[in-house]
């Protein structure tokens, strides 16, 4: 059993299309579509773009600890 776009993932349920979707680290995560990787020109990576590897996330976004991390919105923090 696997989760499609917008369906709840984790809890032992992975996204069906792992090449194009990821399961964000959230309390109740839903499968999200990767945004295609584009070189960061603004010196920061936007939501869904690859971070780490020398590129930091733009303000208000977090770079999760993952093999290929993608910027995601901060949770539980307001800054």
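Glycine is no exception: its Cβ is also placed from the backbone N, Cα and C atoms.
Pulled from Swiss-Prot, these are the features on record:
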type	residues	note
REGION	2-71	region '2 X approximate repeats with cysteine pattern C-C-CC-C-C'
REPEAT	2-31	repeat 'Domain 1'
DISULFID	2-16	disulfide bond
DISULFID	9-23	disulfide bond
DISULFID	15-31	disulfide bond
SITE	25	site 'Important residue for activation of TRPV1'
REPEAT	42-71	repeat 'Domain 2'
DISULFID	44-58	disulfide bond
DISULFID	51-63	disulfide bond
DISULFID	57-71	disulfide bond
SITE	65	site 'Important residue for activation of TRPV1'
Least Cβ-crowded entry, counting other Cβ within 10 Å, from the disulfide-bonded residues listed as 16, 23, 31:
16
Express the distance between the Cα positions of residue 23 (disulfide bond) and residue 57 (disulfide bond) as a whole number of Å.
18
DSSP helix, strand and coil counts for the region '2 X approximate repeats with cysteine pattern C-C-CC-C-C' (2-71)?
0 helix, 22 strand, 48 coil
Which one of these recorded positions, 15, 25, 57, 58, 63, has the sparsest Cβ neighbourhood, judged by other Cβ atoms within 10 angstroms?
25
Measuring CA to CA, name the entry from the recorded positions 16, 25, 44 that ends up nearest residue 57 (disulfide bond).
44
Euclidean distance between Cα atoms of residue 31 (disulfide bond) and residue 51 (disulfide bond), Å:
19
If you count CB neighbours within 10 Å, which one among the recorded positions 44, 65 has the smallest count?
65
Nearest by CA distance to residue 9 (disulfide bond): which of the recorded positions is it, out of 16, 25, 31, 58?
31
Measuring Cα to Cα, tell me the gap between residue 31 (disulfide bond) and residue 25 (site 'Important residue for activation of TRPV1') in whole angstrom.
10
Distance [Cα-Cα, Å, rounded] between residue 44 (disulfide bond) and residue 63 (disulfide bond):
11
Near residue 2 (disulfide bond), which recorded positions out of 25, 63, 65, 71 have their CA within 10 Å?
none
Since the record lists 2, 9, 51, 71 as disulfide-bonded residues, which of them has the fewest other Cβ atoms within 10 Å of its Cβ?
2
Rounded Cα-Cα span from residue 25 (site 'Important residue for activation of TRPV1') to residue 63 (disulfide bond), Å:
11
